[in-house]
Amino acid sequence: MMGWCCSGICRALALLALLLPLQERGCWGLNPSSGDLERSPHSDPDPWDVLHRHKRSWVWNQFFVLEEYTGNEPLYVGKLHSDVDKGDGKVKYVLSGEGATSIFTIDENTGDIHATKRLDREAQAYYTLQAQAVDRLTNLPVEPKSEFVVKVQDINDNEPKFLDGPYLAGVPEMSPLGTMVVQVAATDADDPTYGNSARVVYSIIHGQPYFSVEPKTGVIRTALPNMDRETRDQYVLVIQAKDMVGQMGGLSGTTSVTVTLTDVNDNPPRFTHKSYQYTVLESLPVQSVVARIKAADADIGSNAEMDYRIMDGDGPGMFNITTDEDTQEGVIILLKPLDFETKSSFSLRIEATNRNIDSNFLSLGPFSDTTSIRVTVEDVNEPPVFSAPLSKMVVSEDAKVGTSIGRVSAHDPDTSNSAIRYSIDRNTDLERFFNVDALSGVISTAKPLDREANSVHNLTILAIESQDPTQIGKGISLITVLDINDNAPVFAIDYETLLCENALPGQVIQTVSAVDKDEPLSGHRFYFALAAPVAGNLNFTLRDNKDNTASILTKRGGFRRREQPVYRLPVLIVDSGSPALSSTNTLSVRVCDCDSDGVALSCGAVAYTATGLSTGALLAILGCIITLLVMVLLIVTMRRRRKEPLILEEERDIRENIVRYDDEGGGEEDTEAFDMVTLRNLNVIRDPSVRRDVTPDTPTFFHYTSATRPSYKSLPDNVVFREFIWERLKDADVDPSAPPYDSLQTYAFEGSGSVAESLSSLESLSTDSDQNYDYLTNWGPRFKKLADLYGNSDGTSVFS
């Protein structure tokens, strides 16, 4: 049988029965009946029953090892021993399970168990191991394997911590003593079932005498009654939690609790003054703000909301007061216009009342207050006022110019009672139909009126103070023009009447009606009849329908378009006015070819099919012939006036631009146009022997031999320029300093008709020319270039 003992206990195995009262340390043993290790149950102690703890039953199958051991030597845990072991070294002890060999080691000869590492109960509270005794030689077990537990014994190495801190809490102001604010809780990682390491008590370090904390529960309560938010609205408490039941040597932790006093309606509104005085101008518009007042209330939020009302005052209905929900001000609004001359001051009594009253604080009331307000009206210079802002007048449209229609009246409402002058706003009477007397205000006609053009005139009358012309009052005069019978009736529309050739006698071919621009009060009544010249015609008759319409009927049948395609019927229309007016309106009746249903197929004159041409056709043909003759004459005349072409032969036509695309340079100058008109004027040279040309401004670099140089004087007139140009082109091609231009220069020709004659040196092509240009050097700086080109004494030609 193998036994397990703590240090020092194995030596007194016989006395184990006497060690039952031991409470803190124990040994493990083998149950003699089963041979297995078993743990005795034990009950949890009361955490606050420090002096009277329950005694724990003895447990034989567990060892205890102290956590956080900091010694230099391995910590002795316990000893294993088997009855088979006779001390001769034949038995070997083997340890397996959690932490075997890594944390716990065993002496295989003696069975002593040691902990080689520092243990932390908060990381792992116990380890389950298996022990076995084996034969050293054969490694066969000499006893069955048994299991035991190494429990890490707690020490107070963890301080209490407030995991939910810091705390924010609120409590209503004026709360009774002991009102709960918030509950704080601290946790301790130490073993709550062993000792007092995890037993925490709470205390308040900062926050007295306003608040207190219950030591066991951590509940924070108010310690003073009637704390006033308006005096102080926030407190910061420091709460401490200490283990070991607060005894000396215990560990502690702290947290902060911010307590805010929430508002209650414990302050009534109060006006800072018992009376207020405001001044407004009498011109203040209706619905404008007269004044703003506010009753002071130390509360906030809904507890400071107020309602204002006007209790009494003079001028009922003149003012109203509302609450500005943002500022809780009382806003006094003007409801009716002010008039300094009628009443210059008003007195009001205003009451402010809390909207949300707390019945718990009625003793602090009343929660309302009153004040007096005096509103003084200041006089302003007001514009004139019309006695009737809208005056209605009537005038007949046949009224003569200067007829008086009516009178307007205005007065100065100010005490000065300034004189008034009247005028018409011409923007409302652009055509100036009316005038107003500046002093009396009498309105009269200035032009003849026409009701049919404008039946109502809406005039704006201006009343201007004589002393202050900037003060202008406005009134409206509505003038209605009365109608007279001055317009005759006419056809309502332009009628298009069609008459079938097969129409029968007595057939209605048209119904006509009339309109009249006049508007009699009793309505229109028109009378229709055929005009006297055609009243007895044999073709048509008229029937008055007595409803402002008339019907046109045929008297006969057998109408023919060939005989008469159109009939014109004068109809007389008379109105019922006094005096009556009439007009004659012509109704055109076109004769048409109709089908059997009376639908017109073709109307108007019938075309004749004669073989000869009509007069109109002959006139049209004659007009075309005359037009062609005139055009021919114009063309001939223009050709006669056209000048002869400058060049008659096609081969003599030399283009104005000679462009060569054999280099890249030149830019815009590549397309420079040259006037070559003078090259075309060869035929106007009367005397070829006196032809003079301009010497080129750059010397030639292409040298002709005497045998190859052309004789310009011997060339024909139409060839000399062409040869000269090609010669200059060859010079440019072989000249390395020539600019990269694709166009040739212009060579002007003065012609034999020039007064100044030509400066060209083409006459003296030979080197023996006796022409001398040395005199150019005496002509000034403007001829310096010519002097440099032609003034050399050797007389070398540019063609040499």
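Cβ atoms are placed via backbone N, Cα and C, with glycine included.
As given in TrEMBL:
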- 1-29: signal peptide (SIGNAL)
- 82-162: domain 'Cadherin' (DOMAIN)
- 163-271: domain 'Cadherin' (DOMAIN)
- 272-386: domain 'Cadherin' (DOMAIN)
- 387-491: domain 'Cadherin' (DOMAIN)
- 491-601: domain 'Cadherin' (DOMAIN)
- 617-636: transmembrane segment (TRANSMEM)
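The average per-residue pLDDT of the prediction over the domain 'Cadherin' (272-386) is 90, rounded to a whole number. Within its own chain, the transmembrane segment (617-636) has no Cβ neighbours under 8 Å among residues six or more beyond its boundaries. Sorting the domain 'Cadherin' (387-491) by DSSP state (H, G, I as helix; E, B as strand; all else coil) yields 3 helix, 48 strand, 54 coil. When the domain 'Cadherin' (272-386) is classified with DSSP, helix, strand and coil residues number 10 helix, 57 strand, 48 coil. For the domain 'Cadherin' (82-162), the DSSP counts in helix, strand and coil order read 0 helix, 36 strand, 45 coil.
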